[in-house]
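Engineer: The transmembrane segment feature in TrEMBL is assigned to 35-56, 68-90, 110-134, 155-173, 179-201, 271-295, 322-340, 374-395, 401-418, 438-456, 468-487. Positions annotated as region 'Disordered' by TrEMBL: 523-562. If you look up TrEMBL, you'll see 544-562 marked as compositional bias 'Basic and acidic residues'.
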Amino acid sequence: MPSSEVNFKIQDEGRLAELGYTQELRREWSLLHNFGASFSIISVVTGITTLFAYGLNTGGPGVMTVGWIIVSMFTLIIGACMAEILSSIPTSGGPYFWAYMLAPQHNAPFFAWITGWFNLLGQIAVTTGIDFGLATLISTTAQVSNGYHPSSGKTLGILAVVLASHVLINLFSVRTLRYMIYTSIVLNTLGVSCLAIAVLAKAPTHQSAKFVFSTFYDGTGLPGQDGWSIRASPAYVAAVGVLMSQYTILGFDASAHLCEETRKAVRDAPLGLLSAIAGSSVIGFFLIVALLFSIQDFQAVRTSPLPVLKILMDACGEGGGLVLMVLIMLCVWHCGLFSLTSNSRMMFAFARDGGIPHRLHIIDRGFHSPIRTVLFGAGCSFLLALPSLGSTVAFDGTTSIATIGLYLSYGIPIAMGLAYPRNFKRGPFNLGSASKPLAMVACLWIAFITIVFCLPAENPVTQQTLNYTPVALAVVGVFAFGSWFLWARHWFTGRCRHHCRICIRQLDFLGEEMVYRSDTVDSDGHQRLKSNEGTNDGFQPSDPDFRKRGESRGGLKKAGDQ
């Protein structure tokens, strides 16, 4: 291994040890892999394809295009704030451990618990939504092409097969997933770009720029009923309509959950997170614009069971449209694959810290991956889809917690860093003087979308059109807060305790290794490593105050003595 790689390995493991954890996962991921995981989970073609009908009926083309730009800007701000925290606290726990480190000491376990459960349930719901969406795409495409008659039971069976395929891939080594990332990046960049270009090139006619960027359509009213633009205002419809974009650009916290497998994590993991949001924003906008320009009959597309397939078939013929639809399905499949990967790593970290049963915190020595959390995550995702057998409305209300749950888990640590800046020791990636203003904007935007997601999108409000998101959110909130006050507050400390002696010994060893290397000179006369040079994250393994700093956050020395 080259000298520079050894040095970064020591810094990565040393930073992890300073935070109280040993290196258990293999660090085989580069910046490209870290970016590819978040980019694949966002997978703009997944969200756009499954929610295109929602966008057309809730604001129309103008809200879809302009709303995408607005949402992308605010999501980049949220991502920048998260990247700054990730550079300082690079652990697989992600948002819940950030909340623990940034909150006041006496309340740190509480904020970690609440954030962890919102993040965990949000991730499970995201995996369910992606894979159930793929199962629905397969069923609907088969129905359009050869008269297949879908049912809720058949769709659930397809979901089971999709989840099983994702489990099998995740059971292989991390190296296998690395190769899958290359395929996913190509599909979600070149594949989606070629799809957009093909649709534009083959479409018999094209809509005007005015139609694409300024047409407002309110289809929120049931037949014979007024839409929300009349009952409330067009601004209400526009606000609810941008949620299509917000739901699509989601899941980029995967860069944090995979940081313990990423080399040069304090630098490359934040860059992977931000570049995934930026790349998805650009490609997603290009895809939306291409599809809207290629619409031949707006009303026919709007009322189609699968509007994107209708656009593809009108432009490229039945055969060409089905081929492009298969390409979309491959992108969605990769999206679900890496969503389960990210979910399993978050569960691995949460089990390590006692948030869920510790038996889930086991790395299989043959596969070098947390197999138990992979199986547990897939099982939870399947169970969450079971309500679809009885009511699609209930299922939609259940899975809608994905967006709110995840964004709330993103917002809590950002708010903690804003409220308690003394606890925030910034790493190599930082926003400087813009940190506080951007954090305020991020928190306000998350509060805004949390409220908007709970509003009804169809009029009149009936048992079938009611937005069940507040119900789902209340269930999660009651569980998270209730479990804390009933039992978790008596034993959950917010961080692992059983590894602490090992961490101290590992940190001492790494400190000695770094001092040795700083005194060792290559044959060309250059030092191999200077332990504190070029870093801005406060990591100094040889610092005699390390144990004192660890004790102030749950206590490495104190916990290790128990």
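FYI, residue positions are counted from 1 along the chain as it appears here.
Yeah, the Cβs are placed from backbone N, Cα and C, and that goes for glycine too.
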Engineer: Return the stretch with the most CB pairs under 8 A relative to the transmembrane segment (155-173), choosing among 68-90, 322-340, 438-456.
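Structural biologist: The stretch I would name here is 322-340.
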Engineer: Using Cβ atoms and a strict cutoff of less than 8 Å, what residues sit near the transmembrane segment (68-90) while being 6 or more residues removed from its termini?
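Structural biologist: Residues packing against the transmembrane segment (68-90) from afar: 12, 15-16, 19, 97-98, 101-102, 242, 245-246, 249, 252-253, 255-256, 259-260, 265-267, 269-271, 273-274, 277-278, 281, 284-285, 288, 407, 410-411, 413-414, 417, 424-431, 435, 438-439, 441-442, 445-446, 537-538.
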Engineer: With the transmembrane segment (271-295) as the reference, find which of 35-56, 110-134, 322-340, 401-418, 468-487 contributes the most Cβ pairs under 8 Å.
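Structural biologist: Selected stretch: 35-56, with the most Cβ pairs under 8 Å.
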Engineer: Would the transmembrane segment (179-201) count as touching the transmembrane segment (35-56), i.e. at least 3 C-beta pairs under 8 angstroms with sequence separation of 6+?
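Structural biologist: Yes, the transmembrane segment (35-56) and the transmembrane segment (179-201) are in contact.
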Engineer: Any residues 6+ beyond the ends of the transmembrane segment (110-134) with a Cβ under 8 Å from its own?
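Structural biologist: Here the qualifying positions are 41, 43, 46, 49-50, 93-100, 103, 155, 158-159, 162-163, 166, 250-251, 253, 329, 332-333, 335-336, 339-340, 342-343, 346-347, 350, 353, 355-356, 377-378, 380-382, 384-385, 388, 395, 398-406, 408-409, 412-413, 416, 476, 479-481, 483-484, 488-489, 492, 494-495.
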Engineer: State the non-local partners of the transmembrane segment (401-418) in its own chain: residues 6+ outside its ends, Cβ under 8 Å from one of its Cβ atoms.
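Structural biologist: For the transmembrane segment (401-418), the nonlocal Cβ contacts are 78, 81-82, 84-85, 95-96, 98-99, 102-103, 111, 114-116, 118-119, 121-123, 125-126, 128-129, 243, 246-247, 250-251, 253, 424, 436, 439-440, 442-443, 446-447, 449-450, 453-454, 469, 472-473, 476.
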